[in-house]
Amino acid sequence: MPKFKQRRRKLKAKAERLFKKKEASHFQSKLITPPPPPPSPERVGISSIDISQSRSWLTSSWNFNFPNIRDAIKLWTNRVWSIYSWCQNCITQSLEVLKDTIFPSRICHRELYSVKQQFCILESKLCKLQEALKTISESSSCPSCGQTCHMSGKLTNVPACVLITPGDSKAVLPPTLPQPASHFPPPPPPPPLPPPPPPLAPVLLRKPSLAKALQAGPLKKDGPMQITVKDLLTVKLKKTQSLDEKRKLIPSPKARNPLVTVSDLQHVTLKPNSKVLSTRVTNVLITPGKSQMDLRKLLRKVDVERSPGGTPLTNKENMETGTGLTPVMTQALRRKFQLAHPRSPTPTLPLSTSSFDEQN
């Protein structure tokens, strides 16, 4: 907002200056010398110079400009354009804020983009520093002489805080500002880099003499943890059981004793039922799906007048409701017949030889 107000003030001041200039020019154009008096009627001949002067005066009077209207139009257009740009900026800012509130990932994307840009800048700077270090190492490898190296003139603006790589850890950087040769002598070149260490040979355990020779050698602590011959020789092994011993301890399934033998089965004695139900009770009261149990324990003797068949007599009169067998009676008779004549008689209970009529 302050930038926008400052810009609007500048535009207003510029428009006022232009307006004042136009007014001054218009006022000066009005102060023109008056035209010469018209010729007298006595003169008959008119010179060409007078005609041209009169025509020029007429053209100058007809060339009338409207600077005020143009300046006003420009001023209003500038104001409208500034208001339009201000509204557009406000709308875009509000939309950006709304988008950031609805989608918070946009902020993360912007931050990530800025971090990427910074990373690219740092990477480019690092590449430049690595190139500078390479050139310094090349210049240090030249033989030392009384004069400075020919490459030192190209590296006067090397920064002091340089990220040193592992390979160039011992390289000494020159100072940032070149020293004048009159006050101090040129600095000596840095010492050459040490040669890289040779690769380690693989450890081979073929003979005890080689193992002892390797055991006496020094160990490097800089690298990762290594298993030496001494560690292998000091390892103690525990005695384990072989497969044959384990098989002897675990008996085979054939050698196991059987859980139930024939003699055990022969010594088993079955107890007979103390109270065997009569054929009439088993044939009539017990259904094939139920277990055979003595129902006389659950019954209680009651003094009730009974019919010869055993059913209790009631006060209701036995009235015949119809002739013939009903479906319920046929089902009851069929069930009674099946109970009296089972298909697979049990060996414990004797077969009933009495007929269906005798049982009734």
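Note that Cβ sites are derived from N, Cα and C of the backbone, with glycine treated the same way.
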Residue carrying phosphothreonine as stated in Swiss-Prot, selected out of Thr287, Thr326:
Thr287
According to Swiss-Prot, which stretch among 125-133, 206-214, 296-304 corresponds to the feature motif 'D-box'?
296-304
Candidate set Ser56, Ser141, Ser291, annotation phosphoserine, source Swiss-Prot, matching residue:
Ser291
